[in-house]
Ligand SMILES: Cc1cc2nc3c(=O)[nH]c(=O)nc-3n(C[C@H](O)[C@H](O)[C@H](O)COP(=O)(O)OP(=O)(O)OC[C@H]3O[C@@H](n4cnc5c(N)ncnc54)[C@H](O)[C@@H]3O)c2cc1C
């Protein structure tokens, strides 16, 4: 058994950390204040290879393992949690495309994602269907030219205002998951209108509702086979949930590190506050829980790389890590006291930002449903 990263993984982590400190960290708070997606962020992430991690090398990507994608999310999450959305979204979307699209489609779509020039998003959620995504209603009707046209609304879409292209799940058949197909859609088409959310956190990434009013989709923009879009897309979520976990833990670890430094430096009643067990013990508990959650996330990704079943571990990562990160960041804020509560400090922004991923990509309840199925059997947790 070996608990450490190998030399290549360590070197990669250090390289990403250097990039994140130099290129991302200076914008974390100003991008939040601007509340607008900065296009250069995607280009910088692309130049660093971070939007092409799961894309084959011959198409401009890194062909990286799932563990490497997780390491990238954790390191970036320490410095700019919001930039991890570009890793999470591109890893999820390119994995769906690599597994399901034809070689020709991959050649057309993936290089732009790898370079950061094409910002993609994934459109599943609708006003009436979130957790129960298999009931989605957005309709794809067949056109005379063999393609389709999309009619309906998607909502709560990460990067919905900024994205150029989207994987859109739409109903092409009867009810349930088997009636859903996945399409690669040009969001600059004039039939697509967008409206922005005014969110609590991750304001530099943003969410939006997208209205498709007869949006044309060419025949060769169907991803995989008709009726198989739901299952093939959901398979990708398994491992992206562990990447999300590590992104959240990165933000939590940065906050814990800041709280520890504060506990060493801040003096009260003639002593550094870290000398009081009331201050030190919550930080000791946070460090312990972070280590545990990190192992769960990395195991899920390692299992994915080995071709082993990993959906229970990924669900554990998704249920535990975002919730834990919220708790740890909150504790760090309290440790830093009134200074932590100021918007000048990053810790409050991290708290706002991380809460979003307690919901996005599936809530804790849904993750626990997946875990329960694995523990008890499908007949007990349908
Ligand atoms: C930051 C963020 C980013 C997002 N990005 C995207 C994106 O890029 N693309 C996209 O398509 N969607 C995105 N979403 C939407 C997200 O996937 C949904 O919000 C999520 O699936 C939950 O759906 P809902 O919010 O409609 O909640 P609902 O499904 O209405 O659920 C409401 C509450 O009921 C609980 N609940 C529902 N069913 C059950 C059950 N069977 N058992 C127990 N509890 C249950 C839920 O856990 C939740 O607490 C994003 C959301 C957020 C917050």
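Note: Cβ is positioned from N, Cα and C throughout, glycine not excepted.
Heads up, TrEMBL stuff is auto-annotated, nobody curated it.
Here is what TrEMBL says about this protein:
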- 7-117: domain 'Acyl-CoA dehydrogenase/oxidase N-terminal' (DOMAIN)
- 121-213: domain 'Acyl-CoA oxidase/dehydrogenase middle' (DOMAIN)
- 227-376: domain 'Acyl-CoA dehydrogenase/oxidase C-terminal' (DOMAIN)
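Broken down with DSSP, the domain 'Acyl-CoA dehydrogenase/oxidase C-terminal' (227-376) shows 126 helix, 4 strand, 20 coil. For the domain 'Acyl-CoA dehydrogenase/oxidase N-terminal' (7-117), the DSSP-based tally of helix, strand and coil residues reads 87 helix, 0 strand, 24 coil. Here the domain 'Acyl-CoA oxidase/dehydrogenase middle' (121-213) is broken down by DSSP into helix, strand and coil counts: 6 helix, 46 strand, 41 coil. On the 0 to 100 pLDDT scale, the domain 'Acyl-CoA oxidase/dehydrogenase middle' (121-213) averages 97 in this prediction.
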